[in-house]
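What follows is a single structure, written as structure tokens, with notes after it.
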Amino acid sequence: MKKEVILNSELAKIADDLGHTDQVCIGDLGLPVPSGVKKIDLALTRGKPTFQEVLDIYLENILVEKIYLADEIKENNPEQLKILLTKLSADVEVVFVSHETLKLMNHDVKAVVRTGENTPYSNIILQSGVAL
């Protein structure tokens, strides 16, 4: 469920349409997008916008109950993981899956948001919560 305002119309539409347990992926510039899944390409140049910048906007604007991350981020991008985890509220469930599983999960997300991030395993699936 949406909490605030996003200026990008495609991002706003996805946030508006998220229901409880719906998912959206924010990915680095190399993450493949499955055929038939909406792709919102925000990449301007290598590194812009960053994964963290786009994640911040979504965390400010949607209620997240669960996230999925590639297990490989622990060894291959620990700094990105550390920063990311500090942004989550204590009640957000964190689930680690293989990178291959994360890519397969993208077949069922509402959209994949492509950033300019060029560090490994900077991909996350956000699962929408509900404010009751």
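Every residue, even glycine, has its Cβ placed from backbone N, Cα and C.
According to Swiss-Prot, the protein has these features:
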ACT_SITE  His20  active site, proton donor
BINDING   Asp28, His99, Tyr121, Ser122, Asn123  substrate binding site
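Feature map: annotations from Swiss-Prot on the structure.
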| residue | record | Cβ within 10 Å |
| --- | --- | --- |
| His20 | active site, proton donor | 13 |
| Asp28 | substrate binding site | 21 |
| His99 | substrate binding site | 17 |
| Tyr121 | substrate binding site | 23 |
| Ser122 | substrate binding site | 27 |
| Asn123 | substrate binding site | 26 |
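Highlighted in sequence order, Gly27, Gly30, Leu31, Ala70, Glu72, Ile73, Asn77, Leu102, Glu117, Thr119, Pro120, Ile124 have their Cβ within 8 Å of the centre of the Cβ atoms of Asp28, His99, Tyr121, Ser122, Asn123, the residues recorded for substrate, and are not part of that set. For His20 (active site, proton donor), the nearest of the binding-site residues Asp28, His99, Tyr121, Ser122, Asn123 in terms of C-alpha separation is Asn123. In this structure, His99 (substrate binding site) is part of a helix by DSSP.
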